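> Have a look at this one.
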Amino acid sequence: MTQQLKFILTREEAASKGVSRPSDLVKLEEEAMILARAPISGVQDAVLGLASSDRIFLGVNVEFEGLPLHHSISAEQFLVANLALNFEQELHACLIPSRFYLESFEEDVPLLLVPQNNRLAHSDPFSAAEICSNPEHCSHLKCRALTAANKSNAQYSKCPSGVALICEGEVYGGWCIESAAYNLSLGPVQAALVDFMARGEGKGFEMITGAVLVEMNDAKVSQEATARILLKTIAPGCNFSVFRCHKTAEN
């Protein structure tokens with residue numbers, strides 16, 4: 001039986017593949033490329049990052065069949081989301097095989113990986129009353145989407161948002177990761193799909209059966225329309241719901 005390819009490698013797993021230092025990351029290039037999903041362009045891309053935990057994280061490009069390429073996830077976006085979703089705070093080195101260079105990072109923690117607490121709560125009192133005492137690990141999409149929104153990095157729009165997906169009883173989450181200029185932002189659905197690909201053992205997007213988006217009441221930038229388009233196309237049987245939230249006062 002072929003071993004399931006992974007998006008995160010421990011130090012021991014990397015060593016078994018002959019990777020013991022940053023310059024060895026190139027040895028993982030072919031394995032990383034296989035994980036890309038590019039049904040439109042056919043161009044597979046990958047980046048590899050060495051985190052402060054000594055784990056190696058993979059990022060690949062993801063295209064969604066039937067949707068314009070601007071809905072896609074770039075390999076760099078995938079890598080950043082993979083790091084953030086796994087609570088890594090430092091990226092020590094990054095190999096970008098398709099552009100043939102190794103970048104080392106010796107400066108402070110990248111802003112996108114700084115943990116956030118947006119102090120959000122559900123605006124609907126019934127929804128607020130249903131939030132579990134341990135929303136990080138419960139199976140309720142409403143709880144998990146709010147938890148994701150609270151981690152959202154929305155430094156430009158000031159409109160944090162989070163998404164939770166469910167497939168065969170397993171919940172996957174993601175949040176908006178904003179950037180500007182030539183660095184494209186990543187929406188909460190795409191970030192949740194990174195989590196789905198990284199932990200979903202190769203399942204297809206069409207197997208996703210439920211999704212919840214949580215975003216601000218008065219958001220000047222809403223994720224709802226984009227989320228509906230994306231989910232309707234890749235997971236036609238998915239039940240999609242939206243809940244509003246507001247920012248609470250600081251303690």
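Yeah, the Cβs are placed from backbone N, Cα and C, and that goes for glycine too.
The shown structure was predicted, so the numbers you read here are calculated from the model rather than taken from an experiment.
Checked Swiss-Prot, it gives:
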BINDING   ASN61, VAL62, GLU63  substrate binding site
ACT_SITE  GLU76  active site, proton donor
DOMAIN    136-251  domain 'CMP/dCMP-type deaminase'
> Beyond the listed site residues ASN61, VAL62, GLU63, identify every same-chain residue whose Cβ lies within 8 Å of the center of their Cβ atoms for the substrate site.
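Counting only non-site residues, the set is ALA36, ARG37, ALA38, ASP45, VAL60, PHE64, SER72, ILE73, SER74, ALA75.
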> Go through the binding-site residues ASN61, VAL62, GLU63 and tell me which ones have a CA within 10 A of the CA of the residue listed as 'active site, proton donor'.
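Cα filter at 10 Å returns ASN61.
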> Tally the residues of the domain 'CMP/dCMP-type deaminase' (136-251) by DSSP class, grouping H, G and I as helix, E and B as strand, and everything else as coil.
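Residue counts in helix, strand and coil order: 36 helix, 32 strand, 48 coil.
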> Around the C-beta of the residue listed as 'active site, proton donor', how many further C-beta atoms are within 10 angstroms, looking at every protein chain?
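Within a 10 Å radius of the Cβ of the residue listed as 'active site, proton donor' lie 19 other Cβ atoms.
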> Hey, does DSSP put VAL62 (substrate binding site) in a helix, a strand, or just coil?
strand
> Tell me the coarse DSSP state (helix, strand, coil) of the residue listed as 'active site, proton donor'.
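The residue in question, the residue listed as 'active site, proton donor', is helix (DSSP, three-state).
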> List the residues of the same chain that sit at least 6 positions away from VAL62 (substrate binding site) in sequence and have their Cβ under 8 Å from its Cβ, in sequence order, or write 'none'.
ALA36, ARG37, ALA38, SER72, ILE73, PHE78, GLN190, LEU193, VAL194, MET197
